[in-house]
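Residues or ranges marked as ATP binding site by Swiss-Prot on the basis of sequence analysis: GLY113, SER114, HIS115, GLY116, LYS117, THR118, THR119.
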Amino acid sequence: MFRGKVRKIHFIGIGGSGMNGIAELLLNQGYTITGSDLKESPTIERLRNLGAKIFIGHSEENVKDADVVVYSSAVKPDNPEMIKAKQLGIPTIPRGEMLAELMRFKYGIAIAGSHGKTTTTSMVGTVLGKTGFDPTVVIGGKLEAYGSNAKLGRGEFLVTESDESDGSFLKLTPTIVSINNIDLEHIGFYKDLEDIKKAFVAFANKVPFYGAAAVNIDDENVKSILPYIERKVIKFGFSEDADIRAYDVRLENGRYKFKVNDFGEIHLSVPGIHNVYNALATIAICNELSVPFCVIKESLENFKNAKRRFEIKYSNDIIVIDDYAHHPTELKATLSAARDYFKDRRIIAVFQPHRYSRLNALFEEFAKAFDIPDITIVTEVYSAGESPIENVSGEKLAEKIREYGNNVYYVSNLEEAENLLKNIIQKGDVILTLGAGSITQLSDTLAKYLSEKE
């Protein structure tokens, strides 16, 4: 960016998972950063400690001196800061456009797909960090190795997850992309699945002629768009058609071990068959960059996932795991990973649906996602600013789950969920808190409660 023109950058919703990493990178590059959010959080405290000025609550006064205003997809047009910025003639841009600006001066590696973006981005960043690449990395979750959502590197590469939710990933200019999967999601923005597929085709074709698109050949929706991709394609998966192929895949001690081409064998550090695919995407990208397989293997076998990705919050006689899963496909993957890892233990899933629109569009799929837990607890919907939809609620979902023969409870809020758990948990239980809303607070509360009981 032209520093003579842009010095002060304001972020509306600066505490959001997609926003704070970009803000941190810009802080580290010497820009003056201000921001606003609805509540305090450890993320906001970290940004303040790095030099950002952050306001709690949205006000016209917050933007008056900004050179540009960056907003997240959660910010509505009637936000007072958005309105004031436009009145003052201050440019307002979505976070994806600011990310694209950061990528413009780098070789971009953009990780896309309906699921697994944060983990795959973290894996690629971890592998490249073990080489001389020293990449800049921006992810949607806090990675333990960085202590934050972002790392400013000195190398020529920028690795980021790309957000398809509002189409802003089409603003990026990546050299290499990965498409891990395509699923029906973000119904408020896309008309249907075909509309989503078209966006991913456009995304893949954004890479230059010397770039590449790594794609999951085992995902039927991804496979269906291959004829329309006009760039080099690297296919990964279990299929014999894959360029980067996993075979002899087996479960050992709750984690997957597999062989890749004639490169060698990997024993993943993170559970779940979905993470085999995330690892294959990573291998495809890093192999394209001529990273030695021994470096890839060591990095993946010692990889520690981002926050809220099968994050163990408490481990003793009872296990508490927190996960961001909020789509039926993600829920099934996380619950399957838990069953693989904790074979004979009772699993209790506590799920907080996220957005009425998502629950409405995928109601049956959500209801069928809970056949693995021994007990399921469903809370009321976390609205994320949406208005309620008639006959769409956590209580209705619990009723539908019960129709499929599963043991389910409905609670209206997290406090009720906590009280219920305290009454039913027993030695040996594995508790998973699942969702993209405030459900993570319950995992912290439970971890504290169980620690104090020791």
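Every residue, even glycine, has its Cβ placed from backbone N, Cα and C.
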By the 10 Å Cβ-neighbour count, the most surrounded of the binding-site residues HIS115, LYS117 is LYS117
Other than its own, how many Cβ atoms are within 10 Å of the Cβ belonging to THR119 (ATP binding site)? 31
Specify all same-chain residues, apart from the site residues GLY113, SER114, HIS115, GLY116, LYS117, THR118, THR119, whose Cβ lies within 8 angstroms of the center of the Cβ atoms of the ATP site, ordered by sequence. ILE111, THR120, GLU161, ASN180, ASN181, ASN278
